[in-house]
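Residues annotated as transmembrane segment in TrEMBL: 38-54, 61-83, 89-108, 120-139, 159-180, 192-213, 233-252, 314-332, 338-356, 368-398. For 423-536, the entry in TrEMBL reads domain 'STAS'.
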C-alpha cells in the first residue's frame, strides 16, 4: 500500500496511456517478425521492468520497436522461411546474442560508438527501412500473397494482383491509418488500442469473416520458461551478423531518444550504463522467448507527453500489460490483420519524409550519403543496406581526413599567437623556422602525405628548424610513428632540426616507448608554439 502511495498520479496516468500505446504495437511487431503475440508482450514487460531497474533515463520506454523488428525480420528471411518452425528459435537466439553484444559494448565503454554513423546515414537508413516495412505490411492490408520477399518484386506482384485485392481490408487499413494520423495530437488517448478493440468487436460479430479478412488467430499462451534455443554451433555463428545489426540499430535508436530527453530536461546521460541495461533486457527477453527491445523515440516521447516524471510510469505500464495477459489475452486472436499492419505502417510513417534531407541539399553537404543509405536498404535489404551505409559513412570520414590540410604558421602582430599565414597574410613566419600544423589528427591514411608536404615545403627554402604542431593529434598509430621517424631522418640528413610542439601526454608516452635517437625527449614537449620558437631563437645554434 505504501509503495502505491509513493507513485505520483502523473506516473500512473502516463503508465496507463503508454500501456494502451505499447500493447497493440507489441502484437503488431511480433507479427511482423513472424512470432507469436506472446513474444511481443513478454518482451514488453521485461523491457519496461529491467530498464527501469538498471538504466539511467527516467523517461525512456524500452519495448519492441519497428526498426529492430524490421531488421530481425529481414535478417531471418535470409536464412529461414517466414513460416518455418525453426524461425522462432532463431529469432530468440538473435535477441539473446544482441543483448550479449550490447553488454560487451557497455563493459568496454563503447557508448559513443554510434557517432561513427553519420546522421545523414541514419536518416537515410530510417527512410529506406520505413519504406521496406510499409511494403512488407501491404500484403496484410490487401490480403494478397506475393511469392517474393524483396522490395521491388513484392511491390510488382502486389500491383499485378490488383484484381484479387480485398477492398474491405484495404478500406479498414486506410481508416485505421488516417484515424491514427488525425488523432496523433491526443497523446494521452490510446487510439491504437481503441481501434484494436473496435476490430475485435467486428470479428466477434462475424463481419471480419464475412468480408474475407484474416485475423491473428489463436495462439497458445504458456508461462515462459528460461532456456537457450537449441541450435548447433554453425547456426549460432550464422546469427552473429544479424545480431550485430540488431544491436546496432537498437542502440542507435535508443541513444537518440534517451539523449534527446536528457538534453531537454538537463538530466545526466550515461551511455555505457544504458548499453548494459539494454543488453540485460534483451538477454532476458531472448531467454524468456521474447522480441528484441529498445528505447523507441515515439514511445519515449509519448511517455514524456503523457506527463511522466520518473521510471515508475514504465512499471505501471508493465503491470497493466501483465493484467491484460492474465485476463484478456484470448481476444488477441480476434484482431484483424489490416488493423495491425496499419498500426505498424503508421508507426514508421514519420520516417518517410523528405524534410529532414532538405538541409543537406541547402548546405551542399552529405547529400550522397543519405541517398546511398536509402537505396542501399531498398535494393540490398536491411542487413546489407545497413552494412553498406556504415561502410560508406566510415569511408567518407577516412576520405575527408586522408586529404592533408596543413596550416603554415606565422606570428601575428609580434605577439604570442601563431596563425595560418594563408588566412592571415599579415602574419610573419620566424626566420629559418618552418611551423606546420595538420588540421586533422595524423593516422595511417594521411601520415605519409603530411610528412611529404613538409619535406616539399622544406625544399623550397632554406630552413634550419621545423616545428610540427601536434595539438590535433590525441594519439599516434604505428604508421604515423614510422612516417615521423622517416621525416626526422630526412631532415637530419639536411641538417635541419625537428621539434614537436603541443604534444599531448598520450603521444609523449608513445614516443618514450619508441625510444629513438631521432626523437630525444628534448625534441617534443607540451609547450606552445611561441615557447618552442623562443627556445630555438635563443639557442646557440640559432645565432650561428
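Heads up, the Cβ atoms here are built off N, Cα and C, so glycines get one too.
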Leading contact stretch, 120-139, 159-180, 314-332, 338-356 vs the transmembrane segment (368-398) - CB distance under 8 Å: 120-139
Region pair the transmembrane segment (314-332) / the transmembrane segment (38-54), three or more CB pairs under 8 Å: yes
Average pLDDT across the domain 'STAS' (423-536), rounded to a whole number: 91
Among the ranges 61-83, 89-108, 120-139, 192-213, 338-356, the one whose Cβ pairs under 8 Å to the transmembrane segment (159-180) are most numerous: 338-356
Feature contact check the transmembrane segment (338-356) with the transmembrane segment (192-213), CB under 8 Å, 3 or more pairs: yes
Winner by Cβ pairs under 8 Å against the transmembrane segment (120-139), considering only 38-54, 89-108, 338-356: 338-356
Spatial neighbours of the transmembrane segment (233-252) far in sequence, C-beta under 8 Å, 6+ residues away: 65, 67-68, 71-72, 75-76, 78-79, 90, 93-95, 97-102, 105, 113-114, 117, 122, 275, 278, 282, 292-294, 382-383, 386-387, 390
Counts by DSSP class (helix H/G/I, strand E/B, coil) across the domain 'STAS' (423-536): 50 helix, 18 strand, 46 coil
